[in-house]
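Single-structure report; data block below.
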């Protein structure tokens, strides 16, 4: 019962701060240094670097259009954009083919060793013949013609990529493009992007992009690969909108697989279908299969815009003023645990007052007040008496 009563009395207590002035050079220096560091952190990092006084918008709306230009020579023929770019619509993800392995005159038919109604535990779906040998409908065997291993199209290194990117920050209704409207046609046709001299130019040379990522064109042209072109918009809308400009960076997206023994590089297959000219009724479909090694480009757009707002400013100001008090907490820990005279400081800082002590103090004060009144009365009587005696004389 006594424990319960002690718990209840301890629970219903009130704590208030007590100011103790400690005149110590070491503790005073630590306190001011900690406060100074906290102030520097909030002023330089929070407000100036992170711009915590702004409201942010990272929900960027983006549109990307691309166009590749250049002529190359591969497999004994001249190739243009329609031959080596896939898809051809100018999307944010596209491929530039560097090498083609062509397998011609593939006819679809039935394999002589497998019935079309039989299934195989090793193949999903219907069984198929080898890609190099087919059995025709008239029981004639057709051999497909595969081109020898070709060399990559080295002209790709000098191809150019035109990128047109428009973005919008919906929170602030701000729309920007990746090159200013002041650029004229003559400049666009002659410039190529350079991070120091031509950072506004939207035309990128394939060889330069690979060099920015640290890649060798001869190597990547053999196996293919994935390259990322990052367009980053970081805009401070407290300044002029004209200063809201893109920043480009380049990376090899499939770098993690370069050392793997399998699935290196990037390649895909596509086919072109034809019909034999052996009469309208007897026409037979056949195809030419292409295995393409290509450099795949992914245009990645990110953005963050900020503008002054009262709410985040007040929140961070309150946090800054509150954090300044951490210096006091640190100094209290040092005084209470590590410095000489810690017991004396504890005695001065922490004082427990109960109701019984308050009653005793109040009774003492009332007694002292009564004694003071009695002394005043005695002094008046003596004075009166003394005055009285003087009159008698």
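Cβ coordinates are placed from backbone N, Cα and C, and glycine is handled just like the others.
Residues annotated as transmembrane segment in TrEMBL: 29-48 (among others). Here the transmembrane segment (29-48) has Cβ contacts under 8 Å with residues 316, 319-320, 323-324, 326-328, 330-331, 334 of the same chain, all six or more residues outside its ends.
In sequence order, 81, 159, 160, 162 are the residues near residue 69 (ATP binding site), counting only same-chain partners six or more apart with C-beta under 8 A. Per TrEMBL, ATP binding site is recorded for 67, 68, 69, 160, 267, 268, 269, 291.
Counting only same-chain residues at least 6 apart in sequence, those with a Cβ under 8 Å from the Cβ of residue 158 (N-linked glycosylation site) are 70, 205, 206, 207. Annotation source TrEMBL lists N-linked glycosylation site at 158.
For 191-201 (among others), the entry in TrEMBL reads disulfide bond.
Among the features that TrEMBL reports, disulfide bond is placed at 235-244 (among others). Its Cβ taken as reference, residue 244 (disulfide bond) is surrounded by 19 other Cβ atoms within 10 Å in the chains shown.
Feature annotation from TrEMBL assigns transmembrane segment to 317-339 (among others). For the transmembrane segment (317-339), the list of distant contacts is 22, 24, 26-27, 30-32, 34-35, 38-39, 42, 46, 345-346, 349: same-chain residues at least six beyond its ends, Cβ to Cβ under 8 Å.
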May I ask which residues of the same chain, at least 6 positions away in sequence, place their Cβ under 8 angstroms from the Cβ of residue 268 (ATP binding site)?
86, 95, 291, 292, 294
Suppose we draw a 10 Å sphere around the Cβ of residue 67 (ATP binding site). How many other Cβ atoms does it contain, all chains included?
15
What is the interatomic distance between the Cα atoms of residue 269 (ATP binding site) and residue 235 (disulfide bond), given in whole Å?
42
Quick one: pull the CA-CA distance for residue 235 (disulfide bond) versus residue 201 (disulfide bond), whole Å only.
19
